[in-house]
Amino acid sequence: MTNSAAPRRPVHIRILPSVMTVLAICGGLSSIKFAFDGKPYISLTLIAAAAILDGLDGRIARLLDATSRMGAEIDSLADAVNFGVAPAVVLYISLLSDTPTAWVFSLLYAVCIVLRLARFNTLLDDDSAPAFTKEYFVGVPSPAGALMVLAPLAAYLQFGDGWWSSVWAICGWMVFVSVLIVSQIPTAAMKSVSVPPRMVVLLLALVTVAAALLLQYPYVLLLVLIVVYLAHIPFAWRSQRWVAARPESWDAKPKERRDLRRDQRRDQRRAFRQAALPKRRTAERLGLRRPGRPR
């Protein structure tokens with residue numbers, strides 16, 4: 001009797017995603033240590049590295065067919081530490097330690113991250129949700145929120161003291177980011193983003209520019225990425241509303257949905273032109289057309 005079951009991968013391969021998650025936890029906790037040591041630039045680097053590892057471990061787990069309930073739980077706890085506790089403590093130690101009241105805002109941010117993770121885990125178990133909901137996050141995801149909340153620290157490291165490093169500007173920014181994290185505003189999931197072939201050259205050029213900024217002005221690069229991310233939110237909100245209002249497109253692939261939206265916009269422009277055409281003809285028959293310049 002032959003065994004038709006697919007062979008399991010070696011243990012050292014299957015635990016690779018969990019190893020990456022543990023490394024991310026080490027980076028997040030170490031960022032707090034370096035903040036106490038007066039090296040916030042290392043703290044910011046470690047939290048950014050933890051965000052990159054968080055984006056990779058899940059994809060590698062699915063690629064290696066190494067997903068597990070334990071891995072999912074570790075990943076969720078790692079997100080709470082790396083993107084909730086660590087940024088709140090690093091920001092407080094680096095820029096807010098002279099104002100004890102500011103600790104309230106650090107707590108607010110950390111709690112909002114935990115609440116957002118709890119909601120995310122609950123939505124994962126909802127099998128009744130339409131397929132298109134997998135293409136959007138509800139609120140700003142925790143890695144993006146962590147990098148966003150550290151924007152004042154990046155601005156301080158790049159430009160020195162300024163209004164961006166004032167206590168109340170930082171606290172106001174933390175409240176703004178916390179609201180985005182726990183809000184119902186849809187944001188695009190990276191796994192749903194595809195690059196059309198005609199845009200590949202432009203994308204490679206942008207990657208080159210980003211690499212140059214990373215080497216010369218890493219804090220400026222982070223600030224630019226934060227601005228770009230905030231700018232995408234209205235488009236993600238509009239896209240999600242369009243799909244939600246059309247059940248016939250829920251199971252369509254993103255490319256098919258974009259083609260459908262393009263066709264719809266083309267039809268709307270054609271209908272608008274046809275509606276305006278009789279008015280122009282009527283004006284011409286009545287002799288109301290603007291006369292040409294005299295020769």
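Glycine is no exception: its Cβ is also placed from the backbone N, Cα and C atoms.
Annotated compositional bias 'Basic and acidic residues' per TrEMBL: 252-270, in sequence order.
The helix, strand and coil residue counts that DSSP assigns across the region 'Disordered' (252-273) are 20 helix, 0 strand, 2 coil. According to TrEMBL, the feature region 'Disordered' maps to 252-273.
Long-range Cβ contacts of the transmembrane segment (12-32) within its own chain (Cβ-Cβ under 8 Å, at least 6 residues beyond either end) map to 42-44, 46-47, 49-50, 53-54, 56-58, 60-61, 64, 66-67, 70-71, 74-75, 77-78, 81-83, 85-86, 89-90, 93. Summarising the annotation, TrEMBL assigns transmembrane segment to 12-32 (among others).
TrEMBL lists 77-96 (among others) with the feature transmembrane segment.
Annotated transmembrane segment per TrEMBL: 102-124 (among others), in sequence order.
Long-range neighbours of the transmembrane segment (136-157) within the same chain, counting only residues 6 or more positions beyond its ends whose Cβ lies under 8 Å from a Cβ of the stretch, are 40-41, 44, 47-48, 50-51, 54-55, 79-80, 82-84, 86-88, 90-91, 94-95, 109, 112-113, 116-117, 119-120, 123, 164-165, 169-170, 173-174, 177, 180-189, 192, 219, 222-223, 225-226, 229-230, 236, 240. According to TrEMBL, the transmembrane segment annotation covers 136-157 (among others).
The transmembrane segment annotation in TrEMBL covers 163-183 (among others).
Tertiary neighbourhood of the transmembrane segment (219-237): same-chain residues 44, 48, 136, 144, 147-148, 150-151, 154-155, 157-158, 180, 185-188, 210, 213, selected by CB-CB distance under 8 Å and a gap of 6+ residues from either end. The feature transmembrane segment is assigned by TrEMBL to 219-237 (among others).
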